[in-house]
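Working notes for the structure below.
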Amino acid sequence: MTDPRKGDHAEPTTHFGYQDVPESQKAKKVAEVFHSVAAKYDLMNDVLSGGMHRLWKRFTIELSGVRSGNRVLDIAGGTGDLAAKFSRLVGPTGQVVLADINESMLKVGRDRLLDRGVAGNIEFVQADAEKLPFPDNHFDCVTIAFGLRNVTHKDEAIRSMLRVLKPGGRLLVLEFSKPTNKLMSKAYDAYSFAFMPLAGKLITNDSESYRYLAESIRMHPDQETLKAMMVEAGFDRVTYHNMTSGIVAVHRGIKP
């Protein structure tokens, strides 16, 4: 029944972690989280994953099939881990676009890669995954690592990624997922809701952002659901690979 105080046009809500918030507010709240943690994002990734995030990303790159001369889009590219590696793979005849909706994360990534001297074939673009500002059929490969769970309309973002890919192009989605056994799931819950906020407090003086991280992982679609979303968007040959007992999964789809 419609609440008469809200009228017939109440704004739809979505989840921000375990909270329900108006859709128009989620992007702002996510931006605040990443603005808070941007400076120490890489350090926290190493601490929270025990360095495993580097192996997960390496496997994703291996699955991508990126080679010299390719054009690659790395969405939610943050501090540039994937972009730096793709830059070497595509070489001087290729191009990497590092896109992120968050200005603070984009600045950290740009400064980091410029300092390392690997930004010659990398373009930095502030962009919304749901409305990618690129031409149709433009990229050989699109990646998004640990970013899709923060997107308000995931289905729209996946369709946008399909649009900008060339026929035969690959989408790789690396994201936290659902552990494949109960024992690991219980241990992971204890770790996520106790250690992660504590580490956030000690290292970044921000426990709430890492509590959101734990909650956002639980609200993200599981492996089969995300696979179905990619198929529904129009991708062919969609597969996924579980890593670390399903704590993380990488999905791959091909544009027909």
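Each position is counted from 1, following the chain as shown.
The backbone N, Cα and C atoms fix where each Cβ goes, glycine too.
What Swiss-Prot lists as S-adenosyl-L-methionine binding site is THR79, ASP100, ASP128, ALA129, and the listing cites sequence analysis. Under DSSP, THR79 (S-adenosyl-L-methionine binding site) is assigned to coil, being neither helix nor strand in the three-state scheme.
The compositional bias 'Basic and acidic residues' annotation in Swiss-Prot covers 1-12.
Residues or ranges marked as region 'Disordered' by Swiss-Prot: 1-21.
For ASP100 (S-adenosyl-L-methionine binding site), the Cβ neighbour count at a 10 Å cut-off comes to 28, with all displayed protein chains included. Same-chain residues at least 6 positions away in sequence with a Cβ under 8 Å from that of ASP128 (S-adenosyl-L-methionine binding site) are, in sequence order, ALA27, ILE101. In this entry, S-adenosyl-L-methionine is bound by THR79, ASP100, ASP128, ALA129, whose most widely separated C-alpha atoms sit 17 angstrom apart. If you take the C-beta of ALA129 (S-adenosyl-L-methionine binding site) and look for same-chain residues 6 or more apart in sequence within under 8 angstroms, you find ILE75, ALA76, ALA99, ILE101, ILE144, GLY147, LEU148, VAL151, ALA157, SER160, MET161.
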